[in-house]
Amino acid sequence: MFKIGDIQLKNRVVLAPMAGVCNSAFRLTVKEFGAGLVCAEMVSDKAILYNNARTMGMLYIDEREKPLSLQIFGGKKETLVEAAKFVDQNTTADIIDINMGCPVPKITKCDAGAKWLLDPDKIYEMVSAVVDAVNKPVTVKMRMGWDEDHIFAVKNAQAVERAGGKAVALHGRTRVQMYEGTANWDIIKEVKQSVSIPVIGNGDVKTPQDAKRMLDETGVDGVMIGRAALGNPWMIYRTVQYLETGKLKEEPQVREKMAVCKLHLDRLIDLKGENVAVREMRKHAAWYLKGVKGNANVRNEINHCETREEFVQLLDAFTVEVEAKELQNAKVG
């Protein structure tokens, strides 16, 4: 367990902020599987200040999710500070996180996201201004560098600490790598040794064993899990249990997976309405179905679903089909 500012986390497992994924429906589901902290998807500072309707919806927080970190991004100090003040005063988020890791060109060309990684002095200036303007603890999520020739992870993390930031989450890849190659955990270890604020490691934590290895090898305070949790909140539960007991829980059976998928769908419908939710849930269903044998047909059919009823019927029929095959195989065996 560790604290970010005055916010106590019940364990060391953190859900990463993933754009287009980490809305309240997904976060709450992951929270119920034991995450110590969940992070909301990044929100544009300018969109907050323009009072954009879609963006205001992205700021919605279910109190059952807490503690929660709400992430903002931007390239100008003035707008970032004003957006942070809005989040501070108008949401129940526990932590305000600043994105310095997003590698996507449309973000970096606005001098936001990973573009900050090139200038530790700018990081200090921006973080300091936000810290001075808000009451909630401020954290930063960053990558280790822009490219192999511009890795300032230690200086950047130290700048965050000097500016009053309460924690750093570090992804061990450069901006140029995007999500390719392997994460450099040695850099994460260096950063942990260079600052006294909590450091959360991120990158290539695909199994509970990976999480323990990251903690052991780098000394970080927490592990951040992103893509491995897509359609798989059991990854969070199994990691928490493994870190606490040393025992590995079994993977879920298809009926349990489809039940949670349906719960996720219903929460998304409550959040966004049936039309939007069903379409958005198609990608999530593909993730929930990953690893289940014979899922090709149902995935294809789900991609044409327009209603909750269709969606649920397909998942239920697939569950019965898989269980029948498993029973048949057990008899043969």
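The backbone N, Cα and C atoms fix where each Cβ goes, and this holds for glycine too.
FMN binding, as stated in Swiss-Prot, involves P17, M18, A19, K141, N202, G203, D204, G226, R227; the candidate among Q71, Q313, Q328 given for that site is Q71. In this entry, P17, M18, A19, Q71, K141, N202, G203, D204, G226, R227 make up the residues listed for FMN, with the farthest two CA atoms of the set 21 Å from each other. When other Cβ atoms within 10 Å of the Cβ of G203 (FMN binding site) are tallied across all protein chains shown, the result is 26. Counting every protein chain shown, the Cβ of K141 (FMN binding site) has 26 other Cβ atoms within 10 Å.
Sequence-distant neighbours of G226 (FMN binding site) (same chain, six or more apart, CB under 8 Å from its CB) are L15, A16, M18, N202, listed in sequence order.
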